[in-house]
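A.B. asks: Encoded as structure tokens, here's the structure I'll be asking about.
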Amino acid sequence: MAEVKLLGFWYSPFSHRVEWALKIKGVKYEYIEEDRDNKSSLLLQSNPVYKKVPVLIHNGKPIVESMIILEYIDETFEGPSILPKDPYDRALARFWAKFLDDKVAAVVNTFFRKGEEQEKGKEEVYEMLKVLDNELKDKKFFAGDKFGFADIAANLVGFWLGVFEEGYGDVLVKSEKFPNFSKWRDEYINCSQVNESLPPRDELLAFFRARFQAVVASRSAPK
């Protein structure tokens, strides 16, 4: 049996992308929790360029970057396909995955900005949500009825965004404004591939509230 290890952070949407893919494929693996402030020698050796999680180690060989890891898992292991078989549908899935990946920083940074910069960040998030709302019209998931590659890539907006909103006390996703996205998010959270492997919401909420408070405290500290 091939040896599979996953290095990750429990609170990281990127680590959970890989966990979901492994579980969809039915791959047995060893999960190794990393310490953000004291990264292991295994992590630093496995990802010397970026020094970050997730890292998948398969038969001693490290693969890094969550979306690259997803494709590796899909191509390497037997089980249900994650990417569509049709070349055109596969290209679309990759397009939406990249779109979502490119917007991650904007979503996260919005909650750590203030004043005019935060308002600009919100507008960027609203534009992203408009695009997604249009794409998800009359769809259960990005590829139709099947949970797949683009949905895995969307986990930050599918689950973590709601935690950010609650932790920061500011709602960006309103069902009357983004009805298709809101319906997709409800399906998403209730999907078995997702809800069986989510981090505890209360612990995640406490973690990010502490992060938000630390940022606020650092801004108000005397220079």
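Every residue gets a Cβ built from N, Cα and C, even glycine.
Sharing the feature lines straight out of Swiss-Prot:
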DOMAIN    2-81  domain 'GST N-terminal'
BINDING   S12, K39, V53, E65, S66  glutathione binding site
DOMAIN    86-212  domain 'GST C-terminal'
A.B. asks: On a simple 10 Å Cβ count over all chains shown, which one of the binding-site residues K39, E65, S66 is most densely packed?
C.D. replies: S66
A.B. asks: Among S12, K39, V53, E65, S66, recorded glutathione binders, what is the largest CA to CA distance in Å?
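C.D. replies: Among the residues the record ties to glutathione, max Cα distance equals 18 Å.
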A.B. asks: Whose Cβ, among the binding-site residues S12, V53, has more other Cβ atoms within 10 Å than any of the rest?
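C.D. replies: The largest 10 Å Cβ neighbour count belongs to V53.
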